[in-house]
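Listed features, source Swiss-Prot:
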- LYS692: active site (ACT_SITE)
- ASP30: divalent metal cation binding site (BINDING)
- 513-755: domain 'Peptidase S50' (DOMAIN)
- 969-1012: region 'Disordered' (REGION)
- 1003-1012: region 'Interaction with VP1 protein' (REGION)
Amino acid sequence: MTNLQDQTQQIVPFIRSLLMPTTGPASIPDDTLEKHTLRSETSTYNLTVGDTGSGLIVFFPGFPGSIVGAHYTLQSNGNLKFDQMLLTAQNLPASYNYCRLVSRSLTVRSSTLPGGVYALNGTINAVTFQGSLSELTDVSYNGLMSATANINDKIGNVLVGEGVTVLSLPTSYDLGYVRLGDPIPAIGLDPKMVATCDSSDRPRVYTITAADDYQFSSQYQPGGVTITLFSANIDAITSLSVGGELVFQTSVQGLVLGATIYFIGFDGTTVITRAVAADNGLTAGTDNLMPFNLVIPTNEITQPITSIKLEVVTSKSGGQAGDQMSWSASGSLAVTIHGGNYPGALRPVTLVAYERVATGSVVTVAGVSNFELIPNPELAKNLVTEYGRFDPGAMNYTKLILSERDRLGIKTVWPTREYTDFREYFMEVADLNSPLKIAGAFGFKDIIRAIRRIAVPVVSTLFPPAAPLAHAIGEGVDYLLGDEAQAASGTARAASGKARAASGRIRQLTLAADKGYEVVANLFQVPQNPVVDGILASPGVLRGAHNLDCVLREGATLFPVVITTVEDAMTPKALNSKIFAVIEGVREDLQPPSQRGSFIRTLSGHRVYGYAPDGVLPLETGRDYTVVPIDDVWDDSIMLSKDPIPPIVGNSGNLAIAYMDVFRPKVPIHVAMTGALNAFGEIEKVSFRSTKLATAHRLGLKLAGPGAFDVNTGPNWATFIKRFPHNPRDWDRLPYLNLPYLPPNAGRQYHLAMAASEFKETPELESAVRAMEAAANVDPLFQSALSVFMWLEENGIVTDMANFALSDPNAHRMRNFLANAPQAGSKSQRAKYGTAGYGVEARGPTPEEAQRAKDTRISKKMETMGIYFATPEWVALNGHRGPSPAQLKYWQNTREIPDPNEDYLDYVHAEKSRLASEEQILKAATSIYGAPGQAEPPQAFIDEVAKVYEINHGRGPNQEQMKDLLLTAMELKHRNPRRAPPKPKPKPNAPTQRPPGRLGRWIRTVSDEDLE
């Protein structure tokens, strides 16, 4: 973030470290300028699961020191038992004096099984509680989920094998360094004496007040009577002190008091015990003071303390059984936790509870804590420290992002797999130049984009040192061509060269540069400092493109622009190509600075911003438009570009504007429209078309030529966009030559633009074209060569053929190929390609073509019946079906075109049920059940057939019902004893009857008459 020389990536290291602590530490970019060193400290613990299989891990995610948390196991009696504290690998107070926590993340999961266990069982609940540990009322496994209502601060029932990740997010900023309680030099009689310097910043003070004139009364007992004078919740994991005094009054002589303070841990056990008074005698009739002055160092606090208790033991000197003892007490105590009110020290806390894990399993806690550390004087001799860098833009951006963390899906507890998946999203958040693709998928892009616009540019007006950062993020990078390329105000001067939407009819200068200057894509290098055609040029490098933001749900049409230069009057040179978008309205804020302020008027008086102001645009538009360069396009959004492209003109842009004015789409149309494609034999420059084609392919777009004639169909954007939803790359050659969805006015506008004098060819180019046409008319061989050239270019194999020619200089391989190629109509040709002509593969229509032909057939049939509203587009929207009877009734009654797929139930009469006769049902059942001559169908099957006739209102079964009836018949035949007996099979050994045969063709039968 602070390295402003790298203009291609603007990373905010602080927020990257916050969201992904494993990427390492980063200095907090606030105004606390202390020399420090950055350090990452790991924490790794393998915690053994207790007998009940349940436990609780308490994390202090924001604690600025070595303490990370504590582990408790659940006992069979339902109580928690402290196991151990969780610390960083290095004891920071041993080497460092001061500390600031930058970021921290911890992961809890289990991947090991004890002996005899073959499945990894158990689940985890986790919650971040915006309070202190002592304030939790229910720490049971399920009760933790009620600790907060914020869905981003709790997760439940995560498998222990998957694990959870705890992320530390700051609750405050611009914090000072905290003293770590490090040892200080000290000399004493006791060699074990330790002196430490504890934090005194932001202490937390608990005040405990005894009720005035608290009355105690009891009878004497041997050993004294013990009562709890008070018990209060406190929170402490660092050193604390207790101060104050209590006043006791009594009227009984010889009373003796003893007082003890107990510091109790989260599990209810006593951690520290301090005797305040022992055998303290009370004087009757006076105020007896009992002072409290305790100091508990950090090293004695072996587990988190959550409460304090004061017990008083009352006895009597020489007391006898039955003697009365009474006194009253008043006063207050103050418990001070050193550094306890530092943001993150004691609150919030994150609790991770696991349940039903196999006994003896190991739960692993692993994580990293990143710190800013100030070493002690001894270590500072060998450790280099640096000042923190003040970066208000980065700090402001971080604050705004985390203030919207609930809306941006940034949680404090995560399933580990989900957190890993979100790392790419976090990288987008940390990179101010990222296009926010993943954020857009989650729906967070608008918020982050608004934060970027607010957080960084405003800073330059308050803090001048941050102005370069503001320009880089807000208004765009000043593309530095050198010192002379900027005016006194710091604003880059615009170039006078013009980018043109180049086609076969246009050859215009894009970047004004003399010979000797090398212009390659966006890299502009010059050897000296001349002024060329108004461009101030100086030694230097034109810096790379910087993406603006994405525009969501914006209708747009796209077209390519070829960036050219001119070496001489006849040979324009294509250098690069860029996709532009036509957006409705005045949207100069989306344009790069090099395009702003330039516009052209249309014939209807409207403006097109981003066009060069050359005359009048020969189009009639109904509104203003803006053309902007883009770097990428998605389903419903476009990513803008900051490339320093000057204003443009050209046929491709005019065609895209015409489409935009007619269709007015709600989302970008994923087709690159260009005027460089045609089918009339016009000579085209190969490099221009290839450059546009490559540019369209990089974005996954089709390169579409204009419709060359008017089609009598109305504009139907829904049908148009339905045909091209996924933009395959195999439609590159004139896919829209016969576009049936081009409305008449768009065609007329296109022809008007092509006929305008402004878009005629240059005289030199016209002369060259006429010369080539004349040569082709005179020389048939040259005409054939031009045809071959156009065929190669149209099919996109110019480069392939050129490479083939280099490998076959004598054309031997080509001659052999042509000699052995199948001829039109030959057997091999028909076997391979069907009956199509030579070299043309005979194929059936594509599904889209077949569907379109079907829609046309239905429409023509409806037209013959006088139903003129059923156009092919209407049929397509109606589910590729003709109008239903209800739609026809609606049209006949209202003479309004019915909406496709509308039922219009009000125009349909209820269908009368027609009952089939029993004879008809029996005949159908017999026909379905079996062949004639077999046994009659059973009554159960006849009933099934009758049900079908009843459902169909007297009509017979449809195909699906017929299948069901046939299956039913087969089942009944197999289990019906009344089925017809099988036909007897012929016996193989039985003699066959001799058929009456003829004696012969020439043998005459002797009759009785002959014998007479």
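From the backbone N, Cα and C atoms, a Cβ is placed for every residue, glycine too.
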Cβ packing number for the residue listed as 'active site', 10 Å threshold: 27
Between the residue listed as 'divalent metal cation binding site' and LYS692 (active site): CA-CA distance (Å): 48
Local confidence of the domain 'Peptidase S50' (513-755) - pLDDT mean: 62
Distant-in-sequence Cβ neighbours of the residue listed as 'divalent metal cation binding site', under 8 Å, six or more positions away: TYR173, ASP174, GLY388, PHE390, MET395
ASP30 (divalent metal cation binding site) in three-state DSSP notation: coil
